[in-house]
């Protein structure tokens, strides 16, 4: 595995060991390389299929449902219609300029794949294209990683890196079959762009730089994380300049990439003029300018003596720095350059979001990483990774600087935000592969042990020991990856696996049950109010209009829904009537013990709406007298009166004959805790009570308030409870 | 001028149409000596058996008898067969286009019965008519509580409707435990007698319906109505399989819930373990040796289904209460040999027979599209169906690796079917020779080879500028 490589044919001339080979050996090598790549590709795809095998071919989680819906829109409409898509079925009544606020790369790619397959006689369902999208592209990522690592060290390290990349859980977590998210294609494009960048800065080839720019453009069209490339490449150049390694190759590579890449990226509607206006992109522009100055300086240096040059350089550098920073501040101040976004601030200050933008903090993937997650996601690569970086330091070629910068930056980012673990994973694979291949270069080379036809035993044993240890680690790594992929990352989260009392596995399918009921048994233009987490799923599965969804572009609108959930029902009814909502959907995990339900998310709703209406909503009121978050008898009155509480627990204690045990919170709810619901009527509850749907009642026909009507009803039904209503009363009609 | 003449022509045709349609009067050559009408309301559809004893009162021998049917029945007719009582043979029957408008404004359509031999004057003949139609009782009351029993109200004619005079007419209802006449008309009541309601009257004039009759009966089972069924049958000679895929749009046309669905009430009600008016499970009988079953809907797989023997039990995502809809797709695979045989006539000629329906029992179907997909290149010779179809089409449909014209698709459309006609078969005779059979894999191989060669040539293009 170590000594073979795709380009050994080209290298054979240079490598003395491999010279003078017969064509048969070359042929065997080609076949072997091809087989290895096929195996890596197969491993990459098949380890991502656990979700399909254990569950089904289904789109996962939340965001992928939007991407899937957008893709369906794309394949049923023209591309221009897609770009101009105004979606009136989300963010009701505002709507969303979806075509202009999404990254179309993912959808256009799968649309193209779908059309291509159809053309060659494979009319695959678009859903299956979307489900299998991420696994297929992860195979390409492995290939790109191979080429990238080959540029860093050699083809042996490349193969190792490709193999790591294919099965490492940190990448699989975002690219299992069905996880149809932007990251599915973005990591592939990230690696391809970096691969071309390394080639471009090594050779100064305009072709490679152009390819870098083109893939950068593709990346921009696919994922908001393209800013990472936008900053990493200039940083690489900047550090190289500081190291005094400027040369014409860097100049041609960077300027070509920057000019083409920036112009191209501005063609994406969602990006538009950001590359020249936003702070995130200023570093690239700055380095572009700096590079011109450095090039000019180099030119001057050849003309004047070095003593004079030093003075010129120091003065001009200081001047440029001052002018540049001042200009940046001034432009930002006057609003020509957009200031940093909230998500960016939270990268530097992990508490920023919690204080200023609760909606960012409320997303679990924006939380800092727990340390075990690093081991869980990368296994033994995590401790090979620093070793690899260290080895690169020893060598420190231009391209090694890139990997070092990449690993330092990403280690920090991944520590801050769990989703950025994804961008760290490739460099972990690369660095670990470099370290491991260096070890194997030394310890798997048995040519010295057989010197003079005498076996050097201690040498042999040490070599065998070290190499077998690492091979053992490799085997362990494969087992770990398979286990993690199977157990942790393959759940669609739409369907929940569970075991019955007799040991059979059953799937809890309450989400789809309720969504499908909505889809078929409500009016086509019904508006569903729910917390934003379920917006994309309702749009995708229930095909109904939602008030808020996972796009979270309008904090006020979300806060309004949060306020409706957190207010007493009279008030909620008023808010929801104003929003023209027809149904309210809540997720209740009490019966199942599903901890991700709305009662647990409820405090975020309170916090977000408190941010807008601090005098109406107060987080403190939702805690019990002792300052705890309770849902049983000791819950505060505000808590018991709020819509979310009433809807979640309506009828729940009665299910247990009066003592409802909430399995998530481990508390007992009594019928007296759950106040009657007068303004809303239960219309559907799923089999395991996970999804509960309520309809807004119509105004009372006799002009009473709905509460009065409810009170009257209760007073009459109490006395009539024993009356038999079984048969229709026929005689009255004569 | 042209417009004017067109206008006159339209008026003329219109008047002609009304003359033809509304003034049809069957010649009064028969008399019903006895007319027994038995109405079975056990199912969601209505089954009527008419036992007729008729006498020729004309001076000549006659062989055509016109059976009057209310237009609403006629429009939803799914089965109509006539049998001579003693001989147990089916006799020719059909329908005519003409109708008669009665005084009360209702329309009457006609079935025509052709006796094998003319009936001589004053001679009697006894025959039975069996028919089913997709209309029955409507829920009454329309909204009920989850725990209530469902009742249906059937409105129909009190006397057996006939175009001839009837000496003795009987109307009988059965198929439910609990019958009741709604708004009984004094002097004409039906009486309760096991197994249901019965009423007998003498000397009924032609087209006399009698006072309006409404029968209320208990019917505490779901009323399954398949609004649309798309049944696809894929025939593969290479795999030796026949694959069925059915897409149902199901509606429970029973009584609606009087308030929102309460899971609590439903769970408490389920503990009683009794039949109710919601549809919790669909049972389908599949052809023998079926395998690879699946059950999906538009949001993915539904895992709640079981196979027991040749039956598949589908549990929909949610219980289907009155007025609720559910769409789903189900499919399975059978060995082709159970359905296909080589025709004796010519070489490479085959006859395939496919059952019309495999759906759940006690179900009505409004629209059914049955598509049979034959292999690419097959030539359809004859198509025969046990139940008359509305139209039959032979088109092509591209599927996996269909690089030429695509699969040959035979499509038949049906209206107003009930589960009982499902055993009837669709027979298609077609030819499919070895050359066409081998053409397909060969085609695929050529395409793949071309693609690989193209890739090879593209790879050998040298893009290096320096050379």
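Along the chain as shown, the residues are counted starting at 1.
Each Cβ is built from the backbone N, Cα and C atoms, and glycine gets one as well.
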Quick one: sort out which of A:24-45, A:46-67 is the transmembrane segment according to TrEMBL.
A:24-45
Of the ranges A:100-123, A:220-243, A:340-363, which one does TrEMBL flag as transmembrane segment?
A:220-243
Would the transmembrane segment (A:220-243) count as touching the transmembrane segment (A:373-394), i.e. at least 3 C-beta pairs under 8 angstroms with sequence separation of 6+?
no
Do you know the DSSP helix, strand and coil residue counts for the compositional bias 'Basic and acidic residues' (A:700-716)?
11 helix, 0 strand, 6 coil
What else in the chain is close to the transmembrane segment (A:464-485), if you only count residues 6 or more beyond its ends and a Cβ gap under 8 Å?
47-48, 50, 164, 167-169, 172, 176, 376-377, 379-381, 436, 439-440, 443-444
Sequence-remote contacts (6 or more beyond its ends) of the transmembrane segment (A:220-243), Cβ cut-off under 8 Å?
103-106, 108-109, 182-183, 185-186, 189-190, 193-194, 197, 201, 250, 254, 257, 264-265, 268, 271, 275, 280-281, 283-284, 286-288, 290-291, 294, 398, 401-402, 405-406, 409, 423
Express the predicted model's confidence over the domain 'Oligosaccharyl transferase STT3 N-terminal' (A:31-431) as a mean pLDDT, rounded to an integer.
89
Does the chain bring the transmembrane segment (A:255-276) near the transmembrane segment (A:155-172), so that three or more CB pairs sit under 8 Å (pairs 6 or more apart in sequence)?
no
Mind checking how the domain 'STT3/PglB/AglB core' (A:528-583) divides into helix, strand and coil residues in DSSP?
33 helix, 6 strand, 17 coil
